[in-house]
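Following this message is one structure expressed as structure tokens.
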Amino acid sequence: IFGHVASDWITATRLPLASLGLKTSQSRSRGAIISQYYNKTMKLRRDRQSRPAVRDFSRSARPSIRCHGMEADTPDSWDMEETKRERLVNNLQNLSVGDRERMIRGMPLSLKEKELCLLSLAEKKGIGPGLCSGCCYQLPAGVVSALRHSWYSCLSFLHSLHLWQMPLKRVSSRFGTGVLSYFLFLKTLFLFNIFLVLITGVFLVIPQALHPPTPPANWSSFSGLELLTGAGYFSDSLMYYGYYSNYTLHRNGSSSSRLDLSYNMPLAYFFTIGMAFFITCMILVYSMSKSFGQSFMIDKSHSILAIKAFSSWDFKVIKESSVKLMSENICTQLKELLAEVNQNNVSSTALQKCGRLMVHGLAWTICTAGTAGCAMSIYLFSDYIRAGTGAQGRLQKEASLLALPVLVSLINLLLPGLFNLASWFENYHSPSVRTYVSISRNLLSKVSVLCVLCYHWLGRICWESYVGQELYRFLIIDFIFTLLDTLCGELLWRFFSDKVLKKRRRPGFDIAKNVLDLIYGQTLAWLGVLFTPLLPAMQILKLLLLFYIKMSSVMMNCQAPRRPYRVTQMTTIFISLLCFPSFIGAAVCVTYTMWSTKPSVSCGPFRGLNKMIQAGKIWMKQLEEENPNLSVLARAYAYLVENPLFLFMGAGIFLIVIYFHSEVVDGERKIINILQEQIENEGEDKKFLITELQSVHEQKRISRKRVAHQVSL
């Protein structure tokens, strides 16, 4: 049957090839070869099937096992095989190398016969029998195997170079996708900050380091406290905005020679910050749209459960530790999927629903009041700090700068405890819903704190460097309090539970609090790029240490969730929160500062200008004066950069793209749901038909048994 189908297919494909004006001689030779060998194969199969079985012969007439295979190795059979192989080689000679390999690969021949055909082809073309024609030649089998092993080893080595691959697998196998999403999000932030460090380092830090300005006369000496405060010795360094020059840097420091290489630092500062935010926005929008597509496309646990149960094992894994890790990972994922499948929707009465709504309303009122009270306390304390306290020494004054960051970090540490208490009081049935509610409350507190701080940072002398120092302090103190929380909240609790309570109760990993802490730190880094170009480097160091500290603490001190749950959309929510309000808020603040706020007159690359954006306008004016042909470029700059309408149009285009992409994803999800319903309906139909067939078969069997019983009587 297969030979006839192949012949019909060959005949049917000749006419389209001829109508397209293609050369069909090659197709005819292929068709002839395929049909010839399929017919021979089917003939051999029919001959074998027509032979009588051994059991049909008497015992004396059966062939002896001793001579089995001896008749097939006669000279006549050898000549016949050689003739067939010679004919095949002659037919394959007219084809190209790629077509020849595809033809041999698709033929119903054994690997040994295919290898002999390739060797015969190589000998006919004058190539030695040990060489092969993958592209031109054929290597010996040992060399090919060695090359393949080397290639696979190289691929495995490159795969192992992925950042934090094995630690992430261990976390996923023990704690599931919820805790894994935190570390994946941390990895994403780490890559974002590497990009910021590269772009600011190449275009801002390195040029200014090669052309340092004249140091001030009262330059402070290093005391060690600067590592916490960011002031003192660091005030007049590459760390902050006030150190950068407001003139064009020349190679030899002379501005008279036009042949020297020059670097306009104010212009470079303006465009570097602008391009960094623009490219980051593009990457965030792409990541968010991709994450939306991955998390909302297929969200059915039943189908994923079948795939995970029957086709999730990787048979290439042979190392014992890797096999154990993969089995634990699959086991954890199956638990999460089964928990989602078996999740029961608790039906409640109207009175119970009203009671739950009142409990939720009370919990949200308490959380909102706590957030408002903390924001008000930060505002009042910042006013008190701004007023100052009498005459102080330099060290005392620098140490007092840590008071506000300590208060904010303490609030960020204690306030999530109130939110967790409210969530426990609400008693959510779904752990994922509880996580999302906790994320919303922590987000509200972080946004309130940042709004109060942004208001506090305005109205200073050389306020850009002051804001940069404040952001540095907040970043460092937040990291210190995160370490204290990890030490006191997880490590000491484990010791207390093991030694005092004599129980194996360990704390769970608070995903919402830890993720919002990451978003809070990244918002500080984005806000500080304008005022502290090296702040993303500090964020990289913080994230690097935080990953290993949190990873060790989770593996040693925390326990897996008691009720496994699958977080299909957790990564999408994290990226969305990172985009809005974190990045959008930071971008709005930086854009407002560059477009509308007057720079300091005593420091920074924009001193003497009314607005930072005027650096580009002055440069365009100079270009237009030197070359009138560039007036079109100057007008384009005025319309695209100086006009705020362009920014609103760009933001609108991004929002439209996100909206249309979400609509497309939503439509595809609906189509997938419809197709899944059709598959389920077809499965039910098949079950019904099988049941009917079984009942009919049972009735026939009973009727036959009844008839046989009557006949026997």
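Glycine is no exception: its Cβ is also placed from the backbone N, Cα and C atoms.
Nobody curates TrEMBL annotations by hand; they come from automatic prediction.
Take a look at what TrEMBL says about it:
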| type | residues | note |
| --- | --- | --- |
| TRANSMEM | 179-206 | transmembrane segment |
| TRANSMEM | 267-287 | transmembrane segment |
| TRANSMEM | 361-381 | transmembrane segment |
| TRANSMEM | 401-422 | transmembrane segment |
| TRANSMEM | 443-459 | transmembrane segment |
| DOMAIN | 462-566 | domain 'TMC' |
| TRANSMEM | 471-493 | transmembrane segment |
| TRANSMEM | 570-595 | transmembrane segment |
| TRANSMEM | 636-660 | transmembrane segment |
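Let's see these features in context: how buried, what's close, how far.
Away from its own ends, the transmembrane segment (361-381) comes close to residues 403-404, 407-408, 411, 415, 418-419, 422-423, 425-426, 441, 444-445, 448-449, 451-453, 455-456 of its chain (Cβ-Cβ under 8 Å, at least six residues beyond either end).
Outside the transmembrane segment (443-459) by six or more residues, the chain places 367-368, 370-372, 374-375, 378-379, 382, 386, 404, 408, 411-412, 415-416, 419, 466-467, 470, 474, 516, 519-520, 523, 527, 577, 581, 585, 589 with a CB less than 8 A from a CB of the stretch.
Within the model, the domain 'TMC' (462-566) carries an average pLDDT of 86.
Long-range Cβ contacts of the transmembrane segment (636-660) within its own chain (Cβ-Cβ under 8 Å, at least 6 residues beyond either end) map to 281, 285, 288-289, 591, 595, 613, 616-617, 620.
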Look at every Cβ pair spanning the transmembrane segment (267-287) and the transmembrane segment (471-493), keep those 6 or more apart in sequence, and say whether at least 3 of them are under 8 Å.
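Answer no, regions not in contact.
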Out of 179-206, 401-422, 471-493, which stretch touches the transmembrane segment (570-595) the most, going by CB pairs under 8 Å?
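So the stretch in question is 179-206.
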Taking residues 6+ outside the transmembrane segment (179-206), which of them lie with a CB under 8 Å of any CB in it?
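Residues packing against the transmembrane segment (179-206) from afar: 163-164, 167-168, 171-172, 238, 244, 268-269, 272, 275-276, 279-280, 283, 287, 509, 511, 514-515, 518, 522, 525, 529, 533-534, 536-537, 539-540, 543-544, 546-547, 550-551, 554, 558, 567, 570-571, 574-575, 578.
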